[in-house]
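J.: Structure in structure tokens, see below.
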């Protein structure tokens, strides 16, 4: 492990960054710097600076393992920078230039923690602690979401930090129910966080055998309930995707028990919250669904705009919601960084998935194998959900994605060292 990162304890730094990401309200920013003043953005940039300083200023050469995920992340960043340079050379409106500059800074704050994970977390015990803390973050978010669902209040509005501004937010509604958001700025961002945590908490409950029934099962059960009470297709799709990826890796007995528990959970929800199951069923009815119609109609618009600058796009972060809401991060990416950028992004996701599932296949440690499979399921769910909204406009959503990518990169070295 890089010695500088060892000395400062990468796990502690990453935990502090995660606290700033998930505990602070997503809309809380330092007044003086506005949207770039999120605590997680500042700490993410500090992580990147730390990693760069270590990489460039170490006193003697240090052997580093081959890391395909790091290469894929750097390639994606380079494509974004090329898009920025080409767009500036082409001529960019002043308003777009300001937005593009901010987008690059945000990207740097997401990449920084991912690189620190890859180079700073290489022992199995540290790796397990990091995955557990991701699960804890999702569990805390789900718990707050359930409180919001029951009370109809966000509760995060009571947090008033000196020097910070927080955009006022109210819970939206659907089918007569409140839509919780946790500390996120939108229900879909909330769905990303709990979907990322669910496979990790579920596999930990099934295979880590922690003492105490509540401690063992609280996380996975509360997130499963939160996905139902989120009144969101995306939350359900994310949780189900994680299950579908994980289920084939389980013994038949575990699959049967999990299915039985799921049926009982649905029955309990049906009896205790009248109307919620009908509302959820109605969300998946395509007839007369304006949300689905809007997403389908967006394809033609996106391809038309992207066709003007097909190679490297019009600039990362420059297609803002005031132009058109596409509800698909990949369509927005096609417009902003072009075909090359979309390919680079998918290559990054697929490289991370390949590394984590390959590590799971190669390891001789059954506990490590189970958690690596859960990590792969989490990233799969998050990557799929990005197709349902403009994920890159939501800090928690994309930061969570890059965190999982970093963990997949670390998984390769953890498996190599563990065997």
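Note that Cβ sites are derived from N, Cα and C of the backbone, with glycine treated the same way.
What you see is a predicted model, and the numbers here were worked out from it, not measured in a lab.
What TrEMBL records for this protein is below:
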type     : residues : note
DOMAIN   : 220-346  : domain 'O-antigen ligase-related'
TRANSMEM : 38-57    : transmembrane segment
TRANSMEM : 69-87    : transmembrane segment
TRANSMEM : 99-118   : transmembrane segment
TRANSMEM : 130-151  : transmembrane segment
TRANSMEM : 190-209  : transmembrane segment
TRANSMEM : 221-247  : transmembrane segment
TRANSMEM : 259-280  : transmembrane segment
TRANSMEM : 330-360  : transmembrane segment
TRANSMEM : 372-392  : transmembrane segment
J.: What stretch, picked from 38-57, 130-151, 190-209, has the most CB pairs under 8 A with the transmembrane segment (221-247)?
T.: 190-209
J.: For the domain 'O-antigen ligase-related' (220-346), what are the DSSP-based totals of helix, strand and coil residues?
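T.: With helix first, then strand, then coil, the domain 'O-antigen ligase-related' (220-346) has 91 helix, 0 strand, 36 coil.
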J.: Per the 3+ Cβ pairs under 8 Å rule, pairs at least 6 apart in sequence, do the transmembrane segment (69-87) and the transmembrane segment (99-118) touch?
T.: yes
J.: Can you give the mean pLDDT for the domain 'O-antigen ligase-related' (220-346), rounded to a whole number?
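T.: It averages 84.
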J.: Report, as numbers and ranges, every residue of the chain located at least six residues beyond the transmembrane segment (372-392) whose Cβ falls under 8 Å of a Cβ in that stretch; write 'none' if there are none.
T.: 131, 134, 186, 188-189, 191-192, 195-200, 202-204, 233-234, 237-239, 241-243, 245-246, 249, 295, 317, 321, 325-330, 332-333, 349, 352-353, 356-357, 359-360, 363, 398, 400-401, 404-405, 407-408, 411, 415
J.: Which sequence positions outside the transmembrane segment (130-151), separated from its termini by at least 6 residues, show Cβ-Cβ distances below 8 Å to it?
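T.: Cβ under 8 Å, 6 or more out: 11, 14-15, 18, 21-23, 117, 121, 171, 177-178, 180-184, 190, 193-194, 196-198, 200-201, 204, 218-219, 222-223, 225-226, 229-230, 371, 374-375, 378, 403-404, 407, 410.
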